[in-house]
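Quick look at what Swiss-Prot annotates:
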type: DOMAIN; residues: 861-1038; note: domain 'Helicase ATP-binding'
type: BINDING; residues: 874, 875, 876, 877, 878, 879, 880, 881; note: ATP binding site
type: DOMAIN; residues: 1095-1244; note: domain 'Helicase C-terminal'
type: REGION; residues: 1318-1485; note: region 'Disordered'
type: COMPBIAS; residues: 1318-1461; note: compositional bias 'Low complexity'
């Protein structure tokens, strides 16, 4: 029997072997490789090339095959291919699974065409509605013909839908996971084809459902967390005994990850009625509760406040299994085992899952290029499944807690059955996870390490990783050091951390009492904290928004390497949440400094709840220094850069908000500030802690030399193994030491009892000191083994003592005794006399010359000589400022040494003026000295400016005393030195008796620390100067007087500046000229000083409207009274000593810079140092002025002018106060000045009077002319007995109306402008005395004047007949006295408006000629309508009296009545004398007109000051504050009126400059850039910052300003700073490319390399493609702009045959290109002519550059070996760029692929960007526009696999990357 059985088995085996051979033969016949290139698979011919398989057409390729292959395939059956070829649908079904397994698949979108009913593929030309209806399929592409492509999709043969759901083979994994089948039974979850169509909605809108799930969970959690405290708890896998609260505290990032994990299951819930897996629920009986999915979809929309009440009720019903709702939750929980594709990235553990399981989905992943997955993957891994269940539990607990009365359903003992089942599922999954997490770890003694899952992990691995992170930290630090003087890590460690004077003794967590709101920063003395902050470098601009952003980004980036350094330095690893929550302050603080070892110690908890005892881990010295540096320096820099308005962080439950009475009222700004001052590792850009996704990126690249990289979990297990096996114990208590190591690694010793032989151990089982000691020993062992201390060299003997660093501050005693220093000979930097000349050219231009030889020699003396102290006396207006300004600029140009100088002035009002003057042209960085006193030297400022009080302050003295030590610590160099100490008007030290007590502190200043001291004054003779210098502690003047020509260098400077006599240079004596001779000085005794002063001011402003004046009053009360009474006449600024310092500075600056301010009123403090160009008059009302104050006041008139000293008659009895100089005396002012300066007296001699006592011989021509004009005006006023009140009228009227003619008139609006201006200028003065100019103007501009004059004297009937049809008699008489031109003007245009203007401008001469030559008929007519008196006067004789009567009666009132009713006579209501009005009466009767004119004038001056026009090239970018080099590349060329949409700033019939009525015109004479043009450019700037939709909304928002460009400019200027910052931020990349020419490399664009073949092409290939495209366009005569706009290949032969630009544009307009462009694209947001005018002269520079490059293109074609073809001419090239600019689809893809560029919204910027060069894949340079054309071609190419790119998916991916 046994033999028979064996024979039977042998026969069966032979049969099976034979069958197997037959099957193999059959398969070989069906799938036969017939050659090296082709394969036959199921009716298709597949071509193999480079391991790529492609379906081809046999008929096309048969001639390319071998003869034997062709014979074999001729017999093959290609019916399947023929079927696909003949199918009209783009999507063709294919049942061959072998084909889909052999050929790469892709995902494409398809839609059903409504017209034909065919299935078509989605292309870029597909409409939006078809896209919305599209669906995705996994397909294989087939080229069935030339440019004909079909797509095969797998469909099984005749599926039987009646037999039930189709088992999904995509859910059967290759590696069986028993748990998901036995516990979750995933094999029973079967989906039919309808289900897959429904599930495709989820993949198409995954982002939406991610957001929906997150919002729902967030809302539920907020409501659940607000419930009153509930005592119920639930047991967890990690805390199975005591349990945790049911509603656990979750971070917002955790809620977001949970929400993303829940997205597929939320989708299932919302579609329970459609999916077949819920068949049990769908079979519910009538009356049972159903889920209203439509209501759920409405309530849970993430775009609005989420309403979760109904959702909460559904969740409660599912938990309680009401009706059949429990079946829904049951299915959803089982579906958790399914992998619905790529979930949220960035969670801790994702990478471990991929590494551990090595799972591969059945369907090849097509998610690598950002494409959506439309099929389910293999089941979830245990770890991912556990995370999903975590999310489900959180959602169920939170949602049920929203409406449930209590949470008993979640009770461990009495809870509902559903919850118990969930707990069982979770526990089983957790146990499975523990099994999966077991790592294969083996010891590798040879390499001093271990093997983790076959990957070597040893000390070299850790050290390589650590020092790579340290190098990354240092590199980022260097970037900051380029902009700042950054202290090094060693500097800060030596100065503070290692300094034993700084104590860090404080209680710590787990050892002593815990203190809230503590930080080790509070333990650092303030004097150290002030000097650790870095200072800006000299070559760096001020803290701009771009620089602040650079600081925050750099510090965010270096946070991650620091985290890794800590991770490796502690040795016993952290879980990521523990590392993430390290805090150096606040209630969750866990970072401390050990006072003994000066190392950083970390106290962290085992889990997030902090339920276990803290673990102590000590860092090594090197890492401690870096952590300390990060907290004390870098974080403080980051806080300063972010500013007080930073509010990116939101309140999160994990965050303890302390210090607020009501935490619910805490704003995001408060939260952000708490976080910045507490937590270490932040992502300030996103407003969150550093995410795991960012942290783990380093694992993929580091260490560089490791062949295999470990993931985070493997690395954690490897660190634990290293601690166990490689780091040995050296103590007697080995058991405790080993157990401590396990606890520090966050392991429970209970889990290792088999290893250690103990059942339990915790640090509470030993004393607190022992616990600390054990943990410190464990850290010490790790540090010693890793060897970080051997790389850390901290030589305390070589580092400076902290006492030396702050010696200056410590040495300052209560008595402020001066610090004695050892003076030395100062090192000299190479200087040249040419430096001063270069500095002058920088400041004043290339034509700079010195005033005289004295000024040149003094500048050289100050700059070149070794004289330590110099005093200069020069007359006011000489240019004393330039004596130190030019040397300061020369010092600043020295790159090897940084000089910091100080300037002090006597009064606060001089600060603003000095800073404006000294900072012009950007030659010096100037700042207030207060900044230096409060913050120290910033490393950028060249000159600090302050007042005498600052010079005398203790803080300033102390900072100067400690200068060298602090600078060496802060800037790590000795090349930052103190430069000049400059004191202006130093005579005040002696003359200001009442302030001498304030100057006492100056004597404590260490003058020896400065390079040189310079003392300047215009009123300091030798006696005053010597006394002033001695009063501040200096030696005084040199005993031997020095001449300016003596430029000997002192050889011995060892005594120091303070003990060296000051050398005096007295330019007044040298020149022997009396100062102030250029000013006309007048002494007047008057009855009323204010009244006389007002007369003088009004007269000055009538003559010189743009001039300014200063009035010096005697008391503060008088200052305020004058300001109140004069402000109705002109704009006034007043200042006196009772105002605050800031207010004084602000008002002085306003007067100097605001051109509309006329008068500065103040006490004598306004007489010193102020330089005002328009100043023409100084009036002094102070009776107590001494000679110094007089000279200083008159000295403000730099270029000449008038000075009036007004005193009351018989009241000059002022006495000098004790110790002060006596007041000036009555008499010759020049002689008193000579006496003061010690000049030779000329009393009684020739030349005694210089600019005084009526002498004009030494005055300038302009000053003499001004005096004469003032005298003439005074005589005129005296003759007419004019009142003071009337004086401003002419001045105001001329400004408001007469000037309008100069700049408001235009050709099309000339008549209206003339008439309006004529009416406005009607007044008594004009009529009473008509000058020749007016008459000529009237006769030339319009000859209707004469006619209207006749009509005034004629009845209404006559006037009408004349206007409508002038009879022969009247016309003849008129033409006799009027030229032919006048007659023509009358006959052609006679209107009411003309009559008005004529009536008001009739001259006496015209009236006489008209009256004497009017025909008898007319005279009779006139007589009949004229009063007897007038008739007699007129008819009897035309004499002067009659003329005067006629002229005087022509006034505003008469004109109005004449125009209203022509029947009324001009002199009807009285005789001529009664109608003669005085000018004052006339103005008073027209108060409304005068007020209106005043308002226009005031508005005009305000606008002129606010929007100055300095040149014709002025643009709005200058107004925003951009530098010239930035404006060059952001310049808004091509922006004109056509840029504005129709109706925006385009009104007609108004002033072209301001779009206002001509009588309200606010334009000013000489304005070079109109307000309307500035408004166009401002609108363009707003367009720069907005996309199309945002710009549309913006145009709607500014609709009130569409007709008011001036109002819009005001609205725009309010956001000036914000707009500037936004442009700097949004266009930083653009400026980097266009201005700094940073290179764009396609290889740096990851998305480009993955998503486009163009980015993998060489430069040669791109150029060939570019030339090929243009060759094709030229051959086909395709319309270029339309083609690049939307790939429409319309013909336009005229475009290619056009000879010039005009014909070219006409051709485009003829075919309707511009019209289509406006209707289809964003070009509709501009004017109708905007695009058309781009072909004119807007882009001349770019055109010239392009035409010069045509030769280069020809050479390129020859080099490429292609036939030279014509490259496009300029107009075609510009058409291409405009088309690409308006092609939204193309631009979206280009911006997605080319990561170095972003969006631009202005065509000029696009054109500039297109012409930059990029590096192709082979590092050859090509213009960007060639790359653009290649990408454009790829988008239109169906034969490029990656050519068709879904823009919606592009944007989703970019948003995901951004998040």
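Backbone N, Cα and C atoms are what each Cβ position is placed from, and that goes for glycine too.
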Within the domain 'Helicase C-terminal' (1095-1244), residues counted as helix, strand or coil by DSSP: 54 helix, 29 strand, 67 coil
Chain-internal residues near residue 880 (ATP binding site), provided their CB is under 8 angstroms and they sit 6+ positions away: 872, 874, 984, 1016, 1018
Those residues of the chain, 6+ apart, with a Cβ under 8 Å from that of residue 878 (ATP binding site): 851, 855, 1018, 1067
Tertiary neighbours of residue 875 (ATP binding site) (same chain, Cβ under 8 Å, six or more apart): 1018, 1067, 1068, 1073, 1075, 1076, 1195
Sequence-distant neighbours of residue 879 (ATP binding site) in its chain (C-beta under 8 A, six or more apart): 851, 855
Binding-site residues listed as 876, 877, least Cβ neighbours within 10 Å: 877
Averaged pLDDT, computed only over the residues in the domain 'Helicase ATP-binding' (861-1038): 82
Number of Cβ atoms other than its own within 10 Å, given for residue 881 (ATP binding site): 17
874, 875, 876, 877, 878, 879, 880, 881 excluded, remaining Cβ within 8 Å of their centroid (ATP): 1018, 1195
Local Cβ density at residue 874 (ATP binding site) - other Cβ atoms counted within 10 Å: 23
